């Protein structure tokens, strides 16, 4: 039986920290779905279609990753995709409480849905899409934190 996992998030935009998590997940699971949430309430900088395209290009070298956009409830999306594992990245203790609440709610909705928490590599443990965008808005160099295609797209958005 194939182990299918979902790595959900807004990915606005996808960072090297996200790539670190998804790359490591590909070594643990047969198929990883990078599920990009529409998240209209967060007012993303990039449209859902743009975020999907950026992530597809950034993960093209990973043969067992599928990138899709979604707007459903995560638990229902996982059920529909026949995945029973959710991958979540934990950068700091502050992330844990929220992630634990999500994990419990998802498990309440679908009892067989497991959450697997991965800690990013030290190099990426402090970055977030929001922080990268904020630094870039103030002309800070964020080249190191983003895949090349994403960096170019961010610079184009900020022009």
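Heads up, the Cβ atoms here are built off N, Cα and C, so glycines get one too.
What Swiss-Prot lists as substrate binding site is 10, 42, 74, 88. Its Cβ taken as reference, residue 88 (substrate binding site) is surrounded by 20 other Cβ atoms within 10 Å in the chains shown.
The ATP binding site annotation in Swiss-Prot covers 10, 11, 18, 89, 90, 91, 99, 124, 125, 126, 127, 128, 129, 130. Long-range Cβ proximity for residue 125 (ATP binding site), meaning a same-chain Cβ under 8 A and a gap of 6 or more residues, is found for 17, 91, 92, 119.
Annotated site 'Transition state stabilizer' per Swiss-Prot: 18, in sequence order. Note: residue 18 (ATP binding site) has non-local neighbours 7, 9, 11, 89, i.e. same-chain residues 6+ apart with C-beta under 8 A of its own C-beta.
According to DSSP, residue 42 (substrate binding site) is assigned to a helical segment. Listed in sequence order, the binding-site residues from 10, 42, 74, 88 having a Cα within 10 Å of the Cα of residue 129 (ATP binding site) are 10.
Between the CA atoms of residue 127 (ATP binding site) and residue 10 (substrate binding site) there is a gap of 14 Å.
Taking the Cβ of residue 90 (ATP binding site) as centre and 10 Å as the limit, one finds 17 other Cβ atoms among all the protein chains shown.
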